[in-house]
Ligand code: BGC
């Protein structure tokens, strides 16, 4: 998940640094972390819509899908073990990201990445060769552990190695590699499903070993980051590494700042308790509400279950897999739009526009499905226009997410936390995201069965709420240096009152001459 612990530099301050081979290799390895995460997000939906897979592991679902009596289509996939297969990964990721944050801090970023790669490898192998449901679920849990380690260490590694001026682009770059991973999974599912003999799902699930190997081998060769070496007391080693990473002899300015930042962060004794202070209310709101809302856009209903969903609403198996390739492609392209526009149009514009666009699409899709399937879930003949309209509006919805809540759901939290609470607040952000990813994955098929087409209206309701939150409570953070962020909250109509209290407490050091206020 995007940039976590980069050390902020002062306004206008630029450390020299080149795009050295080290930085390039780092980006490739980091991209593998994102790719693998995306691959796991995208792969399960396609696999669970493949008949040979269902027949082998979930015969009940298979017979309800192909039952003689016209079953209620909304409920054909409603099976708890099946959802467990998808969602167990996120629960494991949540648990392991807590352990991973300690490993990453105490032992370094490199061992965490290595462990992440090895766990991925084991999980993919177990899934590819699975003979029983437990092997599937244990495999997914291993993949989840891998995600916990990789998502904690890779973005940190990235933001600490990247030259300062490339950090923002690399941040969304990580999200881009997630969307590419989802797309690759969708495309492979489409082709593997056609393999005669019905073992294509093994290739789909086992395919994750390719990026797992690259991540594992890559992290063996990469050096640990200077920040991490300093944090663990190897200061001279850190200076040498920084020289090699930047490709320069004189790295004193950046090096001294890294040492200072590390000293400062060591002085923070209770980052978690700190978070409870009144002045951090706006940050707590961001760390909890942004990931919660991101998941309640309903995006993962599409990402996890697109083929199952398209199948449920009347598409054949092949058309379902094809439709998810299309949504996957839209996801990647729209993320590029975000990279282009985020510093031009600003975060708020993208959030608000994306929200409005998602809302309209959700209402239209609900209306279409409702009109055809009604309450009892029996559509009869489905006309062509229906398929086209549904796929079209799902694509427009995915595009809206991919240039708003997708990347910004990670970018905005990473840039608003002050250094002294950054790692704690970021852990909250990641954990909340994983909890709600798990919940959506776990209850979706059941909700589809009960709420029917109303499911889309359920998420539409949350889109309205989150858009109101952005409009009234999220200030614009475009082009604001990280240390000046407090000024943004201080001049906000609502959050200002939480910040001003600090004046009387004397906890805030006021810099003279109308400069930014710092509370380090
Ligand atoms: C979200 C994931 C989602 C993905 C879709 C990410 O930002 O955190 O839950 O599946 O975007 O592209």
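Cβ from N, Cα, C; glycine included.
Per TrEMBL, the feature domain 'Major facilitator superfamily (MFS) profile' maps to 26-478. Residues or ranges marked as transmembrane segment in TrEMBL: 19-39, 82-103, 115-135, 141-158, 170-193, 199-222, 284-308, 320-342, 349-373, 385-406, 427-447, 453-474.
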*Which listed range (19-39, 82-103, 141-158, 170-193, 427-447) shows the maximal number of Cβ pairs under 8 Å with respect to the transmembrane segment (199-222)?*
19-39
_Quick test of the contact rule: Cβ under 8 Å, at least six residues beyond the ends. What residues does that give for the transmembrane segment (385-406)?_
175, 179, 293-294, 297, 299, 302, 306, 310, 313-315, 319, 323, 326-327, 330-335, 337-338, 341, 350-351, 353-355, 357-358, 361-362, 364-365, 368-369, 372, 466
*Count the CB pairs under 8 A between the transmembrane segment (427-447) and each of 82-103, 141-158, 349-373, then give me the winner.*
82-103
*Looking at the stretches 19-39, 82-103, 141-158, which one shares the most CB pairs under 8 Å with the transmembrane segment (170-193)?*
19-39
*State the residues, same chain only, that lie 6 or more residues beyond the ends of the transmembrane segment (320-342) and have a CB under 8 A from a CB inside it; answer 'none' if no residue qualifies.*
42, 45-46, 49, 168-169, 172-173, 175-176, 179-180, 182-183, 185-187, 189-190, 193, 302-303, 306-308, 310-311, 350, 391, 394-395, 398-404, 406-408, 411, 478
*asked:* Counting Cβ pairs closer than 8 Å, which of 82-103, 284-308, 349-373 has the most of them with the transmembrane segment (141-158)?
replied: 82-103
_Long-range Cβ neighbours of the transmembrane segment (349-373) (under 8 Å; 6 or more residues past either end)_ = 73-74, 297-298, 313-314, 338, 341-342, 379, 382, 386, 389-390, 393-394, 396-397, 399-401, 403-405, 408, 452-457, 459-460, 463-464, 466-467, 470-471, 474
_Beyond the flanks of the transmembrane segment (284-308) by 6 or more, those residues with Cβ under 8 Å of it_ = 41-42, 44-46, 48-49, 77, 86, 182, 186, 189, 275, 317, 320-321, 323-324, 327, 331, 358, 362, 394, 397-398, 401, 405-406, 409, 412-413, 416-417, 425-426, 428-430, 432-433, 436-437, 439-441, 444-445, 455-456, 458-459, 462-463, 465-466, 469, 473-474
